[in-house]
């Protein structure tokens with residue numbers, strides 16, 4: 001493992017320890033250590049029931065979002081490409097809400113609803129953006145932004161049809177929240193995201209070729225369209241898996257890739273495999289820290305995770321936009 | 001039926017026909033330059049020869065076999081393509097970029113083999129980049145960068161090498177450096193080279209065989225002396241020019257009138 005990835009992994013570990021220790025009940029290092037090792041003492045309950053599943057779910061969902069964003073940024077060769085910017089997470093949110101609204105409850109059906117919504121949004125965006133020259137990345141991003149607004153509006157409409165209490169709960173979930181997560185949620189995201197991450201790892205050589213342009217990649221023996229479709233499908237599925245357990249948390253997918261690239265480059269080279277792994281680590285770190293900030297920022301008030309990532313992510317989006325405009329990418 | 005051939009080839013984007021009924025045999029073991037005015041279909045032809053576009057009619061054959069009937073990776077082991085604007089991934093080093101040329105030879109889970117390393121070392125040596133292997137590609141000059149891309153294509157170890165305008169954006173000394181490198185690779189390693197070029201006189205200097213195209217057809221092909229005639233230049237480019245012997249090499253030199 002490279003030095004850059006080790007640093008990012010250390011940052012994640014630190015974020016997780018902070019996330020476990022800090023909250024309404026502050027755990028000292030001794031209590032935290034004892035709780036982690038034995039599950040007993042004042043830290044035991046907090047870790048086992050309150051914060052453990054929350055941090056684990058947040059880290060895994062953040063990792064899935066970070067990897068998803070990095071996939072789209074590489075495949076489309078555009079740092080603004082991410083499932084949240086392009087409306088895929090909004091689609092997944094609408095899909096999950098539709099399933100939950102029909103009273104089918106939580107778990108697998110919500111995951112499938114999120115996956116169907118995300119995939120539906122991705123296909124719709126791809127079809128709308130399709131031109132004679134095929135899929136042009138910038139056009140795809142812009143159409144996706146429009147689709148995201150439409151899907152968010154549809155979600156807002158669906159909310160007005162729900163009864164009051166359920167609408168409140170749905171609103172909380174739709175802004176992206178890790179409140180009251182159980183080990184069931186953590187297990188669900190682990191079981192869905194890990195196989196997807198392994199499949200993505202198998203496609204890293206294809207990603208390395210795609211980065212150099214379609215013609216060169218094809219000349220080096222890659223089936224370009226098939227590889228791109230496979231990677232995009234994995235990116236949508238990873239985002240949907242995260243949305244199913246944490247709601248459509250904005251901006252993590254957008255931020256993780258560029259931040260990971262920056263950190264990795266400062267520490268040496270950054271191949272596509274390292275960037276994907278780094279984006280997963282960074283996404284997990286952002287999710288855990290943002291959730292911690294959302295819990296601890298205002299005493300006595302638990303803000304949803306998505307509010308915090310929105311506050312962090314909006315300046316990051318502006319920074320990426322200005323950088324792209326200076327480079328002439330827009 | 002050895003080498004690369006186009007048989008009655010018709011190429012189109014959507015319904016716009018770019019190349020129509022073109023038949024061409026590219027001489028094996030030679031340097032061939034494809035010339036012609038902008039938009040005459042030369043880049044499109046090169047892409048079709050490299051199996052990047054499927055012809056509307058006719059076929060491209062590699063040693064007698066239809067190139068679209070062959071598996072993608074098998075073609076990539078025999079025929080390399082350097083497109084017009086390849087993208088260097090951010091922060092990549094020369095050695096790492098050249099290593100990517102080994103893609104068609106590597107298995108999904110196979111590591112970097114001794115053969116891969118030998119091919120990379122030979123490609124770096126042939127292009128004079130051995131000492132720059134650890135440098136980031138972004139730090140290099142335009143001419144050096146073009147040599148890196150050629151080294152990537154060399155590491156692919158293909159018998160045919162197709163290049164689309166490899167000298168565009170380079171100043172004259174670097175254009176000559178790249179073309180001299182291509183000819184040396186042809187002479188020393190016996191690779192068949194096909195390149196799209198703009199500069200007629202440089203093409204005459206460095207290529208053995210010229211193909212002059214206009215409006216999707218082959219207007220003339222043969223040695224530089226046979227192809228670069230005032231009449232052919234008038235027909236292809238609408239250019240009135242004198243063709244004299246290059247005072248240095250004796251090859252045709254085009255002097256616009």
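Along the chain as shown, residues are numbered 1 onward.
Just so it is clear, glycine is given a Cβ too, placed from its N, Cα and C backbone atoms.
It should be emphasised that the depicted structure is a prediction, and the values quoted were computed from it without experimental measurement.
As annotated by TrEMBL, transmembrane segment applies to A:55-76 (among others).
Residues or ranges marked as transmembrane segment by TrEMBL: A:88-106 (among others).
Per TrEMBL, transmembrane segment is recorded for A:112-131 (among others).
The transmembrane segment feature in TrEMBL is assigned to A:138-159 (among others).
Sequence annotations record features per position, and here TrEMBL assigns transmembrane segment to A:189-210 (among others).
Long-range neighbours of the transmembrane segment (A:231-254) within the same chain, counting only residues 6 or more positions beyond its ends whose Cβ lies under 8 Å from a Cβ of the stretch, are 57-58, 60-62, 64-69, 71-72, 74-75, 80, 82-85, 88-90, 92-93, 95-96, 110-111, 113-115, 117-119, 122, 126, 173-178, 181, 185-186, 188-189, 192-193, 196-197, 199-200, 203, 206-207, 210, 283, 286-287, 290, 304-306, 309-310, 312-314, 316-317, 320. Residues annotated as transmembrane segment in TrEMBL: A:231-254 (among others).
For A:274-294 (among others), the entry in TrEMBL reads transmembrane segment. Cβ atoms under 8 Å from those of the transmembrane segment (A:274-294) belong to residues 2, 4-5, 8-9, 11-12, 15-16, 18-19, 22, 54-55, 58-67, 69-71, 74, 178, 197, 200-201, 204, 207, 246, 249, 252-253, 255-257, 259-261, 263-264, 302-305, 307-309, 312 of the same chain, restricted to positions at least 6 beyond its ends.
Nonlocal intrachain contacts for the transmembrane segment (A:301-321), taken as residues 6+ away from its ends with a CB within less than 8 angstroms of a stretch CB, comprise 58, 79-80, 85, 172, 174-179, 246-252, 254-255, 258-259, 286-287, 290-291, 293-295, 330. What TrEMBL records for A:301-321 (among others) is transmembrane segment.
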Beyond the flanks of the transmembrane segment (A:138-159) by 6 or more, those residues with Cβ under 8 Å of it:
76, 78, 80-81, 84-88, 90-91, 93-94, 97-98, 101, 121, 124-126, 128-129, 131, 167, 170-171, 174, 329-330
